[in-house]
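Taken from TrEMBL as is:
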type     : residues                          : note
BINDING  : 143, 144, 145, 148, 233, 234, 235 : UDP-N-acetyl-alpha-D-galactosamine binding site
BINDING  : 233, 235                          : Mn(2+) binding site
ACT_SITE : 325                               : active site, nucleophile
C-alpha cells in the first residue's frame, strides 16, 4: 500500500522530518517520532483498513530508525539539552512547595499527566528564574487581515505589558495592509516583523491559511532555533501575566465556551470523510484555535500536518466545521499536548468570569462579526 502521494509510509516519515533531525534540531525529536507514528496509524486506519497491517510495520520500522539516530546523536555534542527537560534551579529563593495544599476547585493534571495551568498552580518566580538564564526566544504570530487590522494596536500594546515580559520576543504580524501596522514602542530584546499576505473574500479561507503560513515561517526563518512559538488571535488583548508557566513541548488552550460541557456537545468535525473527524466518544477537551504553541519543531509538525489534512479535505470538497480549529482539535486528540492552559489564557469578554477563573490573562474582545468578516 502507498499513500495518496504514491510514497511509502517509511519514506513519508523520513520526508516529514527532513531538516528536523540534524545537529541543531534533535531537541524533542523523540516526541515527534511518537507523534508521526500515531499520525501514520490514523492515516492507515482512516484510508485502508484491510492492508493497514503491513503499512504499520513500515511506520514502526521508520520510527525505530529515527530513534537509533537519536541514540547515536546522544553520544555526541550534536544532541543539545532541551529547555523542556533540564530545569536547573540552583541557588534560587522561592516559596516552599507543598503536595498537600493548592487548588482544590479545579483539576491541575490531565489523565496523561500533563499539567493544566491555573492561577495558583505554579510559582512565577521559580519558573522565570529557571528559564531566564537559558536566554530563550519566544516567537508570536498574529494575523491582521482585512478589517481585523483594527485590533492590532491593542494586541501589541497589551502584549508589551504582559506577554513574556523580560524575555526575547519576536512578533510576526501577517497582514494585507503593512502600511497600517501601528508603531508600538517595544522593550529591549523584543521586535516586530511584518509579513505581507493576500486578503480573501471568505474569512474561512483566511482562517485556514494560517497553518500553511506558520509552517512556512518556521521553515524559512526558524528551522534551526531551539525555542518556542505561540500562535495567537489578533482580536484579543492581554490583561495579566502570560509567561514561562505556559512553556511546553506542545501547548493547547482549553476553550472557555466548552470546558464545563460533556464532549458529546463539543463542536468537533463529525463527518467521517473529513481528515478533522473526531468520532462520538472520542476527544479529551475542546481546544481554542486562537491560541496554541510549543517548541518550534512541534508546532512545525502540527502546522504541517493540519495544512496537509486541510488540503486533502479541499480536494474532496470538504471544509471542516471550524476550519483550522477543527484540524487542531483532531491533531491534539491524537498527539496529546504536554501542557494544557486553562481558560484563563483565552477567555471571552462577553462572558462573566466564573468563580474558578481567578484571573483573565488573555481574552477575545467583543466584536460585531458582520462588520469585520467579509462574507458574514
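Yeah, the Cβs are placed from backbone N, Cα and C, and that goes for glycine too.
Note: TrEMBL annotation is automatic and uncurated.
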Check: same-chain CB within 8 A of UDP-N-acetyl-alpha-D-galactosamine site center, minus 143, 144, 145, 148, 233, 234, 235: 142, 149, 151, 152
Rounded Cα-Cα span from the residue listed as 'active site, nucleophile' to residue 148 (UDP-N-acetyl-alpha-D-galactosamine binding site), Å: 18
Maximum Cα-Cα separation in Å among residues 143, 144, 145, 148, 233, 234, 235, which the record lists as binding UDP-N-acetyl-alpha-D-galactosamine: 11
For residue 325 (active site, nucleophile), the one of 143, 145, 233, 235 that lies nearest, given that the binding-site residues are compared by Cα: 233
Cβ neighbours of residue 325 (active site, nucleophile) where a neighbour is any other Cβ within 10 Å: 24
Lowest local Cβ density (other Cβ within 10 Å) among binding-site residues: 143, 148: 148
Number of Cβ atoms other than its own within 10 Å, given for residue 145 (UDP-N-acetyl-alpha-D-galactosamine binding site): 21
Per-residue Cβ crowding (10 Å cut-off), top of binding-site residues 144, 234: 144
Listed in sequence order, residues with CB under 8 A of residue 233 (UDP-N-acetyl-alpha-D-galactosamine binding site) and six or more positions away: 142, 143, 289, 290, 291, 346, 364
